[in-house]
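Colleague: Got a structure for you, questions after.
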Amino acid sequence: MVHLTGDEKAAVTALWGKVNVDEVGGEALGRLLVVYPWTQRFFESFGDLSTPDAVMHNPKVKAHGKKVLGAFSDGLAHLDNLKGTFAQLSELHCDKLHVDPENFRLLGNVLVCVLAQHFGKEFTPQVQAAYQKVVAGVANALAHKYH
(Lines of atoms letter the chains of each structure in order from A; the text may use other names.)
(Lines give C-alpha, C1' and ligand atoms only; values in the text may rest on other atoms or scores of the structure.)
Protein backbone atom coordinates (compact mmCIF):
# COMPACT_ATOMS: atom_id res chain seq x y z
CA MET A 1 0.00 0.00 0.00
CA VAL A 2 1.29 3.41 -0.96
CA HIS A 3 0.22 6.42 1.06
CA LEU A 4 -0.26 9.29 -1.37
CA THR A 5 -2.04 12.54 -0.75
CA GLY A 6 -4.87 13.43 -3.08
CA ASP A 7 -2.58 15.86 -4.90
CA GLU A 8 0.15 13.23 -5.26
CA LYS A 9 -2.28 10.65 -6.61
CA ALA A 10 -3.67 13.19 -9.08
CA ALA A 11 -0.16 14.13 -10.23
CA VAL A 12 0.89 10.50 -10.72
CA THR A 13 -2.30 9.67 -12.61
CA ALA A 14 -2.17 12.79 -14.79
CA LEU A 15 1.43 12.21 -15.84
CA TRP A 16 0.96 8.48 -16.37
CA GLY A 17 -1.85 9.23 -18.80
CA LYS A 18 0.76 10.87 -21.04
CA VAL A 19 3.33 8.07 -20.84
CA ASN A 20 4.08 6.12 -24.00
CA VAL A 21 4.38 2.71 -22.35
CA ASP A 22 6.06 1.14 -25.40
CA GLU A 23 8.79 3.75 -25.53
CA VAL A 24 9.34 4.37 -21.82
CA GLY A 25 9.18 0.69 -20.90
CA GLY A 26 11.85 -0.31 -23.37
CA GLU A 27 14.02 2.63 -22.43
CA ALA A 28 13.74 1.98 -18.69
CA LEU A 29 14.51 -1.74 -18.97
CA GLY A 30 17.30 -1.04 -21.44
CA ARG A 31 18.89 1.51 -19.14
CA LEU A 32 18.68 -0.94 -16.24
CA LEU A 33 20.53 -3.54 -18.31
CA VAL A 34 23.18 -1.03 -19.38
CA VAL A 35 23.76 0.69 -16.03
CA TYR A 36 23.54 -2.53 -13.99
CA PRO A 37 24.98 -5.13 -16.39
CA TRP A 38 24.70 -7.99 -13.91
CA THR A 39 20.93 -7.82 -14.44
CA GLN A 40 21.48 -9.09 -17.99
CA ARG A 41 21.84 -12.63 -16.67
CA PHE A 42 18.06 -12.80 -16.36
CA PHE A 43 17.66 -11.95 -20.04
CA GLU A 44 20.17 -14.25 -21.75
CA SER A 45 17.45 -15.45 -24.13
CA PHE A 46 17.06 -11.91 -25.48
CA GLY A 47 20.05 -12.24 -27.81
CA ASP A 48 22.65 -9.52 -28.27
CA LEU A 49 23.12 -7.43 -25.14
CA SER A 50 26.84 -6.89 -25.75
CA THR A 51 26.84 -3.09 -26.05
CA PRO A 52 24.62 -0.27 -24.80
CA ASP A 53 23.45 0.32 -28.37
CA ALA A 54 22.60 -3.36 -28.82
CA VAL A 55 20.61 -3.34 -25.57
CA MET A 56 18.71 -0.15 -26.34
CA HIS A 57 17.73 -1.34 -29.83
CA ASN A 58 16.96 -4.95 -28.89
CA PRO A 59 13.32 -5.71 -29.78
CA LYS A 60 12.99 -8.25 -26.96
CA VAL A 61 14.15 -5.65 -24.41
CA LYS A 62 11.61 -3.19 -25.79
CA ALA A 63 8.82 -5.78 -25.74
CA HIS A 64 9.58 -6.87 -22.19
CA GLY A 65 9.86 -3.25 -21.06
CA LYS A 66 6.37 -2.67 -22.44
CA LYS A 67 5.15 -5.72 -20.51
CA VAL A 68 6.80 -4.46 -17.30
CA LEU A 69 5.16 -1.06 -17.62
CA GLY A 70 1.84 -2.74 -18.36
CA ALA A 71 2.11 -4.41 -14.96
CA PHE A 72 3.17 -1.09 -13.43
CA SER A 73 0.06 0.52 -14.94
CA ASP A 74 -2.04 -2.16 -13.29
CA GLY A 75 -0.36 -1.32 -9.99
CA LEU A 76 -1.23 2.36 -10.42
CA ALA A 77 -4.87 1.33 -10.70
CA HIS A 78 -4.60 -0.63 -7.43
CA LEU A 79 -2.39 1.49 -5.19
CA ASP A 80 -4.35 0.36 -2.13
CA ASN A 81 -3.57 -3.31 -2.84
CA LEU A 82 -0.13 -3.50 -4.40
CA LYS A 83 0.80 -6.75 -2.63
CA GLY A 84 -2.31 -8.43 -3.99
CA THR A 85 -1.85 -6.94 -7.43
CA PHE A 86 1.75 -8.15 -7.69
CA ALA A 87 1.40 -11.43 -5.75
CA GLN A 88 1.77 -13.68 -8.80
CA LEU A 89 4.66 -11.67 -10.23
CA SER A 90 6.36 -11.72 -6.84
CA GLU A 91 6.03 -15.49 -6.69
CA LEU A 92 7.31 -15.90 -10.27
CA HIS A 93 10.33 -13.68 -9.73
CA CYS A 94 11.15 -15.28 -6.36
CA ASP A 95 10.47 -18.98 -6.87
CA LYS A 96 11.11 -19.51 -10.58
CA LEU A 97 13.33 -16.71 -11.83
CA HIS A 98 15.31 -16.14 -8.59
CA VAL A 99 15.61 -12.41 -9.22
CA ASP A 100 17.35 -10.43 -6.50
CA PRO A 101 14.56 -8.19 -5.12
CA GLU A 102 16.99 -5.26 -5.05
CA ASN A 103 16.61 -5.19 -8.84
CA PHE A 104 13.00 -4.02 -8.43
CA ARG A 105 14.20 -0.95 -6.55
CA LEU A 106 16.85 -0.30 -9.17
CA LEU A 107 14.33 -0.53 -12.01
CA GLY A 108 11.98 1.81 -10.17
CA ASN A 109 14.72 4.39 -9.80
CA VAL A 110 15.66 4.05 -13.48
CA LEU A 111 11.99 4.49 -14.41
CA VAL A 112 11.85 7.74 -12.42
CA CYS A 113 14.94 9.00 -14.29
CA VAL A 114 13.43 8.09 -17.67
CA LEU A 115 10.18 9.85 -16.78
CA ALA A 116 12.15 12.93 -15.72
CA GLN A 117 13.98 12.94 -19.03
CA HIS A 118 10.78 12.53 -21.05
CA PHE A 119 8.71 15.12 -19.21
CA GLY A 120 11.29 17.77 -18.31
CA LYS A 121 9.83 20.71 -16.39
CA GLU A 122 6.49 18.91 -16.09
CA PHE A 123 8.29 16.36 -13.88
CA THR A 124 8.41 18.71 -10.90
CA PRO A 125 10.03 17.85 -7.56
CA GLN A 126 6.53 17.12 -6.21
CA VAL A 127 5.77 14.72 -9.07
CA GLN A 128 9.16 13.08 -8.63
CA ALA A 129 8.56 12.60 -4.90
CA ALA A 130 5.16 11.02 -5.58
CA TYR A 131 6.65 8.66 -8.17
CA GLN A 132 9.43 7.69 -5.75
CA LYS A 133 6.73 6.63 -3.29
CA VAL A 134 4.96 4.61 -5.97
CA VAL A 135 8.04 2.80 -7.29
CA ALA A 136 9.11 2.02 -3.70
CA GLY A 137 5.66 0.56 -3.02
CA VAL A 138 5.75 -1.51 -6.20
CA ALA A 139 9.27 -2.77 -5.42
CA ASN A 140 8.14 -3.70 -1.90
CA ALA A 141 5.12 -5.55 -3.28
CA LEU A 142 7.26 -7.45 -5.80
CA ALA A 143 9.67 -8.41 -3.01
CA HIS A 144 6.84 -9.55 -0.72
CA LYS A 145 7.22 -13.26 -1.54
CA TYR A 146 10.87 -13.09 -0.50
CA HIS A 147 10.00 -12.20 3.10
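Using the three backbone atoms N, Cα and C, a Cβ is placed for every residue, glycine included.
Grabbed the feature section from Swiss-Prot, which reads as follows:
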- H64, H93: heme b binding site (BINDING)
- 3-147: domain 'Globin' (DOMAIN)
- V2: N-acetylvaline (MOD_RES)
- T13: phosphothreonine (MOD_RES)
- S45: phosphoserine (MOD_RES)
- K60: N6-acetyllysine (MOD_RES)
- K83: N6-acetyllysine (MOD_RES)
- C94: S-nitrosocysteine (MOD_RES)
- K145: N6-acetyllysine (MOD_RES)
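Structural setting of the listed features?
Modeller: Secondary structure from DSSP puts H64 (heme b binding site) in a helix.
Counted within 10 Å of its Cβ, the other Cβ atoms near V2 (N-acetylvaline) come to 20, all protein chains included.
Packing around T13 (phosphothreonine) is summarised by its Cβ count: 14 other Cβ atoms lie within 10 angstroms of its Cβ, all protein chains included.
Within the same chain, residues at least six positions away from S45 (phosphoserine) with a Cβ under 8 Å of its Cβ are K60.
There are 15 other Cβ atoms within 10 Å of the Cβ belonging to K60 (N6-acetyllysine).
All protein chains considered, the CB of K83 (N6-acetyllysine) has 16 other CB atoms within 10 Å. When secondary structure is read from DSSP and collapsed to three states, K83 (N6-acetyllysine) falls in the helix class.
In the three-state DSSP reading, C94 (S-nitrosocysteine) counts as helix.
The local packing around K145 (N6-acetyllysine), expressed as other Cβ atoms within 10 Å of its Cβ over all shown chains, amounts to 18.
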Colleague: So, in DSSP terms, is V2 (N-acetylvaline) helix, strand, or coil?
Modeller: coil
Colleague: Sort the recorded positions T13, H64, K83, C94, K145 by C-alpha distance from V2 (N-acetylvaline) and give me just the closest.
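Modeller: Sorting the recorded positions by distance from V2 (N-acetylvaline), the top entry is K83.
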